[in-house]
Every structure is written in structure tokens, then in C-alpha cells.
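**Student:** This structure is in C-alpha cells; I'll ask about it shortly.
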2 protein chains.
Amino acid sequence: MKVFEKNIRKVEPYVPGEQPQRKVIKLNTNENPYAPAPGVTKALEEMDTDRLRLYPDPTAAPLVNALADFYHVNPDQVFVGVGSDDVLSMCFLTFFNSEKPIFFPDITYSFYKVWADLYRIPYECQKLDRDFKIVKEDYYKENGGVIFPNPNAPTGLFEELDDVEDIIAHNQDVIVIVDEAYVDFAGRSAMELIDKYDNLIIVQTFSKARSMAGMRIGYAISNSVLIKYLNDVKYSFNSYTMNQTSLVCGVETLKDKAYFEECVNKIIETREWAKEELKNLGFHCLDSKSNFIFAMHPDYDAKELFEALKENDIYVRFWGSERIEQYMRISVGTKEEMEAMFAFLKEYMSR
Amino acid sequence: MKVFEKNIRKVEPYVPGEQPQRKVIKLNTNENPYAPAPGVTKALEEMDTDRLRLYPDPTAAPLVNALADFYHVNPDQVFVGVGSDDVLSMCFLTFFNSEKPIFFPDITYSFYKVWADLYRIPYECQKLDRDFKIVKEDYYKENGGVIFPNPNAPTGLFEELDDVEDIIAHNQDVIVIVDEAYVDFAGRSAMELIDKYDNLIIVQTFSKARSMAGMRIGYAISNSVLIKYLNDVKYSFNSYTMNQTSLVCGVETLKDKAYFEECVNKIIETREWAKEELKNLGFHCLDSKSNFIFAMHPDYDAKELFEALKENDIYVRFWGSERIEQYMRISVGTKEEMEAMFAFLKEYMSR
């Protein structure tokens with residue numbers, strides 16, 4: 001080993017869900033099966049490309065203002081980043097500086113551990129119960145901050161607002177982050193609590209309900225005090241992160257509320273139908289309120305099923321990790337994509 | 001103060017160069033005065049917007065391949081990020097993990113200190129000499145890594161390849177990063193040394209010579225071993241950073257080498273002429289090989305001059321910090337923009 005290699009940071013690289021370049025039925029990374037709002041195409045066609053030679057607005061004002069309008073908050077209550085991963089990472093760095101451990105569920109979004117390790121934040125996972133629900137009393141203990149997704153991933157389970165509020169109310173001396181990447185498919189957002197609790201941050205994304213995973217746009221909504229702390233940290237080490245096209249496309253997407261609701265409703269309808277179909281095939285499905293379904297079959301090994309699907313160009317997600325060895329996560333595609341998957345499953349199970 | 005505020009990271013927010021929204025003569029953030037390659041407009045017009053609903057390729061393969069072609073290296077020798085700030089920050093995190101201080105010049109790009117602080121990397125600034133040149137012998141001492149821009153910012157001074165190689169050769173037990181954001185305006189890149197020294201990383205950007213500050217694209221070129229370390233760290237905590245439009249626009253920009261060279265040559269020509277003009281007005285100019293000029297006037301206070309220019313909608317950069325209190329940095333605009341600045345300066349100095 002070269003001398004210089006001893007001071008290089010060595011990590012276990014994360015393996016993201018596969019992004020096959022050829023045409024497959026892609027139900028593995030919770031993308032939206034419907035195209036972005038039609039206005040996005042027009043906005044790119046009409047883009048002032050001379051503007052690209054200049055740095056983007058470091059405050060991302062057009063997008064921040066559009067989000068503030070959409071959610072009826074002030075612009076100083078909005079923070080934007082390069083996908084919610086960037087926003088969440090910045091929140092960890094800014095708000096989780098206690099010596100006490102932060103709390104999050106044992107089965108949840110895998111990056112929470114990664115950012116905690118990266119920023120040397122102590123953490124303690126709280127076990128979901130046997131039905132994969134959050135046990136709110138576990139979050140009453142002293143801690144350095146709390147984060148959980150609602151709906152949770154990869155279970156898809158949604159905690160009602162009362163339960164979310166109970167966790168926030170019991171943790172008013174620390175920051176509580178509710179990661180609502182999938183909330184538009186679920187129910188009431190905790191955003192309505194931001195005036196009531198000054199320790200609350202809501203994080204959402206354009207990647208799921210808004211069909212814009214390819215543009216990398218995430219945001220946090222909170223009170224102006226916490227948003228200022230977040231912006232100060234962000235500006236202190238990287239001023240320009242949102243590129244000009246993401247600002248323009250993000251604004252355009254927010255304009256078309258009707259299209260957004262139409263796509264979300266179609267996905268919810270397909271999800272509910274698909275849950276029934278899975279049950280008819282003997283699957284055990286969690287009652288997902290997200291754009292994916294977490295399911296297992298008592299008679300078929302999840303890994304074998306996952307691989308059989310993949311061989312037939314149907315990509316779903318499988319981890320094989322503790323407590324979820326027998327589960328697959330199936331993103332909700334179009335009705336046609338789901339029908340193709342069911343046709344295969346029926347054929348496979350009749351072999 | 002709320003209890004939760006004591007665990008919030010508090011920083012001195014960085015103040016980026018102003019980005020005025022109205023039309024001014026903007027010579028303050030080293031942007032390119034010429035539009036991106038014409039192919040970029042066409043690529044955005046023809047963008048497959050349905051593709052935006054999917055996550056971008058996490059390996060950024062199309063852009064990585066195009067850069068590999070352009071620089072005649074293998075794709076596994078190329079790393080890309082959201083502007084060179086993102087690339088440099090990732091390099092600090094990955095390569096500077098020694099207990100010994102890293103070295104960089106005392107007058108240089110201000111973010112080196114910021115990233116060192118962020119990642120708790122010890123550092124020691126090496127003083128530029130009285131002519132603002134790097135003293136290469138200062139970098140012979142034991143250290144935890146070396147980074148310097150070439151040409152340096154905000155001086156614009158370029159160190160010849162022999163001197164750069166001398167620093168690399170004296171530091172083969174640590175990683176040496178040469179930050180070549182402005183090298184296309186200067187001379188020979190140290191990229192030709194990457195096969196000779198396995199501790200060398202070259203960082204460049206699309207923001208300056210390629211007219212794409214608004215798209216946030218930076219890259220590192222090195223050997224495949226160091227690039228793999230960098231990618232492992234990046235994937236470990238944020239898999240998808242380059243959005244789809246930046247991949248497409250980046251590839252398109254690289255295709256048009258003739259346009260790129262034409263713009264660079266025009267800027268060099270304007271710079272050389274502007275240096276003469278400034279000297280004729282009594283300014284002392286460093287011999288910049290970049291797309292900006294670092295200049296001072298023995299008879300006029302830099303801050304007053306900076307403000308007088310600004311009042312007349314001509315934006316240049318001024319810091320007022322130690323050793324450079326009397327200097328302004330003037331980005332090289334179009335000949336017409338520079339003429340307008342000179343017309344104002346002549347009028348101002350004749351008052």
C-alpha cells in the first residue's frame with residue numbers, strides 16, 4: 001500500500017437500486033410512472049441558454065418563492081437542495097450536534113445511518129413493532145434529535161398526524177425531522193404543525209409525487225429561525241448547488257396543481273388495486289400509503305422471486321436484510337406495468 | 001435561547017459575489033461573457049422530458065465518457081460533481097485524513113479553509129512571496145496533503161509546469177490536488193503528469209472556460225485508484241447528484257471544441273488588451289493568465305473605486321482583506337463591457 005493511502009477515507013460504497021439503461025418494467029426505485037407536468041417540456045424548449053453562463057441565483061429565489069406560494073408559508077420558511085438527500089444531509093450536519101444519540105427506526109431509509117456516521121453523530125435505532133409500526137413511547141427517552149419518514153420506507157406504513165404530533169410534543173428540546181418524501185400518496189402532512197412546534201422540520205421532494213427524480217430537487221419547510229441556520233451552514237461551504245434548469249423546471253412543476261393531483265390519484269388507485277391483486281395471489285402486503293408496496297409470500301422465497309422477475313425484465317427491490325429477508329418492495333407503476341407483472345407472477349406461480 | 005438551539009451548528013455564512021438580477025456590467029464572479037456552445041440550446045429543446053421522472057444515471061456515464069474522450073483518459077479516471085466546489089469538497093473529505101496539516105497558499109480560493117474546518121482537517125497556509133508567487137520550497141515540509149489553484153485566485157498568476165511538478169515530486173507520500181479552474185486561459189495543464197505521479201489529482205470546471213456556471217459541473221481527473229476512492233465516498237452518502245439536464249448539457253458542450261477554443265481565445269485577447277489599458281491608466285496589474293485581472297491603483301483607494309464602479313452598474317470584486325486591501329479583481333468580459341468600464345474609469349479619474 002502506498003504511504004498516501006493510509007490517510008484516505010475508506011467506505012463501504014452504497015449500492016443504489018439498479019438503473020438499467022435498456023427498456024424494462026422498472027418498479028425498483030419508487031419513481032413516478034407519469035411524465036413531469038407538460039409545462040416542463042415547454043420551459044426547457046424556451047430556456048434562455050445564455051443565462052447558463054452565469055451562476056444560478058444562490059438563494060434559489062424563484063423556486064423558494066414558488067414553494068412558499070404553494071404551501072402558504074413565507075419564503076424564509078423554505079430551504080431547497082439537490083434532492084431530499086442533500087436537504088436531509090444538511091439537516092443532520094446543522095441540527096444533530098448533541099452528544100446524545102439521535103433516534104430513528106431500525107427499519108427505515110438506509111441513509112440516516114450513513115449521514116450519522118459521516119458527521120460522527122451518535123444514534124440509536126428504535127425497533128418497529130412486529131407489524132412494522134413505530135412505537136411512539138420509544139421516542140420519549142432523552143435523545144439528541146429525532147428523524148423518521150412518514151410514510152416509512154420501505155414499509156409504506158403511514159402514522160396518523162396525532163401520533164406524529166405526540167412524538168414532536170415529547171421532544172421539544174431537540175429538533176424533530178419528519179421526512180415526508182411519500183406523504184402526497186398518504187394523508188395529512190405534519191406541515192400544519194410548523195407554527196405550533198418550533199422544533200419541527202418537514203422534508204419533501206420532487207422525486208416521487210412530482211415526477212422529477214431526474215432533476216434532483218428537495219426542500220425543507222420549517223420556521224424562519226431553523227431555515228436560517230440551515231441556509232447559513234449551506235452557504236458557508238457550497239453557495240451554488242441548484243442549477244438553473246432545476247430552478248426553472250421546479251417552478252414550472254409547481255404551477256400545474258391539477259396535473260400533479262391527477263397523477264397522484266392515478267397512482268393511489270393503481271396501488272389499492274395492486275394490493276388486492278397481490279393478496280389474491282397469496283401475498284402478505286403491508287397497508288402501504290406510499291407509491292410502493294412492501295410484500296412477502298409465505299410460499300415463495302423473496303430472493304428467488306426477485307430474481308425470476310428480473311430475468312423477465314421486471315425490476316423490483318430486494319434487500320434480504322434482518323427482519324425483512326422475505327420482503328420485496330414493488331414501486332407502483334402504470335396499470336399496464338402492474339398488469340404485466342401480475343401476468344408473470346401468475347404464470348410463475350402456476351409452474 | 002431555546003434548549004434545542006445549543007446543539008445547532010453555527011457558522012459565519014459565506015457571502016458570495018453579488019448576483020444582481022437587473023442588467024449590469026457584471027465583472028465580479030469570473031463568469032464567461034459568451035453563451036454556452038450552440039448545441040446546448042438544441043439539446044434542451046429536444047430533451048426527452050419523460051426521462052426526468054427517472055433518477056439520473058448515478059455513475060453519470062455519458063458525461064464521464066465524454067470527458068474521458070476529450071482528455072484521452074479512461075472513464076475510470078474521471079469523477080464528476082455539482083461544480084468544482086462539490087468535487088473539491090469531496091476530495092477534502094476523501095483524501096485529507098492525516099493528523100498532519102494540509103498546505104495551501106495564504107492568498108487563495110477562500111473555500112479551502114471552509115472545507116478544512118468543516119471536516120476538521122488541520123491546515124497551515126504557506127505565504128505567497130511579495131510578488132504573490134508560490135514559494136515552492138515551503139511545500140517541501142512534512143504535511144498531510146497539498147492543494148493549490150493554478151492559475152491562483154484571486155491573483156491570476158500561473159505557475160509553470162516545472163514548478164508544479166516540483167511540488168508534486170516533493171510530496172509523493174500525500175495527495176496533491178491542482179485546482180485548475182482557470183487553466184484553459186493559461187497554459188499547460190498538470191494533467192499530463194497523472195501517469196507519472198500516482199498521488200496527483202487535477203480538478204477542473206465547466207463554469208469558466210466552458211460558459212456553464214449555471215449548470216454546476218465540475219470534474220476530477222486522476223488515476224483509477226484515487227478516482228475509485230472518491231466515487232466510493234460519494235456513493236456512500238449521496239448517489240444521485242448530477243441531474244439529467246446537466247449530464248445532457250455537459251456532453252453537448254464537450255462536442256464543440258472549436259467554439260470552446262474560439263471563446264477562450266477571445267477572452268485571452270481581451271485580457272491582454274485590458275491589462276495594457278489598465279497600465280495606461282496607472283494601475284498596477286498582476287500578470288494574470290486567467291479570465292480576471294487583479295489590479296490596484298497607487299492613487300485611488302480600492303474600496304472607493306469599487307463603490308464608484310458599482311454605483312455606475314459596473315460590478316467588480318473587492319475583499320479588503322490582509323495583503324490585498326488595495327486590490328480589485330476584474331473579470332474579463334466582452335471587449336464592449338471592458339470598454340464601458342474604461343470609459344467610466346477615465347471619466348472618474350479626470351474629475
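Cβ atoms here come from the backbone N, Cα and C positions, even for glycine.
Checked TrEMBL, it gives:
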DOMAIN    B:23-340  domain 'Aminotransferase class I/classII large'
MOD_RES   B:Lys208  N6-(pyridoxal phosphate)lysine
**Student:** Does the residue listed as 'N6-(pyridoxal phosphate)lysine' have same-chain partners at least 6 apart in sequence with Cβ under 8 Å from its own Cβ, and which are they?
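**Tutor:** Looking at Cβ-Cβ distances below 8 Å from the residue listed as 'N6-(pyridoxal phosphate)lysine', excluding near sequence neighbours, one finds B:Asn30, B:Glu31, B:Asn32, B:Ala181, B:Tyr182, B:Asp184, B:Phe185, B:Asn291.
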**Student:** Can you give me the average pLDDT across the domain 'Aminotransferase class I/classII large' (B:23-340), rounded to a whole number?
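**Tutor:** Mean pLDDT for the domain 'Aminotransferase class I/classII large' (B:23-340): 96.
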**Student:** In the three-state scheme derived from DSSP, which category covers the residue listed as 'N6-(pyridoxal phosphate)lysine'?
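**Tutor:** In three-state terms, the residue listed as 'N6-(pyridoxal phosphate)lysine' counts as coil.
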